[in-house]
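Listed in Swiss-Prot for this protein:
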ACT_SITE  GLU96  active site, proton acceptor
DOMAIN    102-342  domain 'Radical SAM core'
DISULFID  CYS109-CYS345  disulfide bond
BINDING   CYS116, CYS120, CYS123  [4Fe-4S] cluster binding site
BINDING   GLY170, GLU171, SER202, SER224, LEU225, HIS226, ASN302  S-adenosyl-L-methionine binding site
ACT_SITE  CYS345  active site, S-methylcysteine intermediate
Amino acid sequence: MTASIGKTNLLGLTQPEMEKFFDSIGEKRFRAGQVMKWIHHFGVDDFDAMTNVGKALREKLKAVAEIRGPEVVSEDISSDGTRKWVVRVASGSCVETVYIPQGKRGTLCVSSQAGCALDCSFCSTGKQGFNSNLTAAEVIGQVWIANKSFGSVPATVDRAITNVVMMGMGEPLLNFDNVIAAMHLMMDDLGYGISKRRVTLSTSGVVPMIDELAKHIDVSLALSLHAPNDALRNQLVPINKKYPLKMLLESCQRYMSALGEKRVLTIEYTLLKDVNDKLEHAVEMIELLKDVPCKINLIPFNPFPHSGYERPSNNAIRRFQDQLHHAGFNVTVRTTRGEDIDAACGQLVGQVLDRTRRSERYIAVRELSADADMPQSAATRT
């Protein structure tokens, strides 16, 4: 949908922002709740469809505001029920959103940026450079689009989307304000009413923003670890050179402590053949995380062209898992979903208009991890 010049896009406004908007046009604040319900509960993008809003106000809204989500380029459905949407954002780039059904739970994986500046060596999103931050409307718009696609009207009844993970393209903490606003809308009863424990933000480790996070929102936290020591993580996740593991894990523990509840950090660990999948790496990981309340998601690498990495054997994956399991950690191995529509872990596709490497376009890849309440193995740490 093309932007209308000078009009306010209501899709990305939080409740306080929506109330300020209605103040600014001389209307009462209760109108904010009315309009938000139409937008998020019923997926409406036409003011004339808002039957409990008077005609005069509808005409005023049409003159000064719009409800505009990202443009849906394509929607694919896998044989296992996984869905993938390619959406075009205002920068001209396309990003992807993936829905993973599992029993009564449905998890939506949402992107926060077009491209990424972190340049993780096993992720081709980083190879294409950073293009743009998504607006709050473009972030929450992915939930809005998916919800409408499922016909979940109102959004809070018999919902298809029970969990949202900020694990798509980009580093969410480098688009802090827009991601925070979108997550508030995910949890707001006037938005999508999703429990705070079912909204997960995944980060590669932007320490100052992890410390800032607890001041603004209470959601589950996942850490893209991928290596058990600084030397290896410096190679795989270059931001580690700025924020090494000790500093990073301390910031994660500060975040969890600040929430004042017993929380568990989700650790994401992509297994790369002969790189970080040896038993010695598992032993290092046990030592590194021994004092961190956490659960561990092991993600076997899904190769993409020219990645330079391979998926470990099933035996290697099982040995690594068993080593952690025997040390008392909750450990799961990610099951490949949506492979036939390129929606599996490490297969997300997005055409990004690259401002930092204009001569190349790459298939965008960002690991897709489980939602915050993914069932765990029987082992429990004491």
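Cβ atoms are placed via backbone N, Cα and C, with glycine included.
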Length of the line joining the Cα atoms of CYS120 ([4Fe-4S] cluster binding site) and HIS226 (S-adenosyl-L-methionine binding site), in Å: 10
Listed in sequence order, residues with CB under 8 A of LEU225 (S-adenosyl-L-methionine binding site) and six or more positions away: ARG233, ILE267, GLU268, TYR269, MET285
Integer Å distance between the CA atoms belonging to GLU171 (S-adenosyl-L-methionine binding site) and CYS123 ([4Fe-4S] cluster binding site): 12
Sparsest Cβ surroundings (other CB atoms within 10 Å) among the recorded positions CYS109, CYS123, GLY170, GLU171, ASN302: ASN302
Entries of GLU96, CYS109, CYS116 which, being recorded positions, have CA atoms within 10 angstroms of GLU171 (S-adenosyl-L-methionine binding site): CYS116
Neighbours of CYS109 (disulfide bond) among the recorded positions GLU96, CYS116, GLY170, SER224, ASN302 (Cα to Cα, within 10 Å): GLU96
CYS116 ([4Fe-4S] cluster binding site) versus SER224 (S-adenosyl-L-methionine binding site) - Cα distance in angstrom: 14
SER224 (S-adenosyl-L-methionine binding site): tally of other CB atoms within 10 A of its CB: 25
Cβ neighbour count (within 10 Å, all chains shown) around HIS226 (S-adenosyl-L-methionine binding site): 26
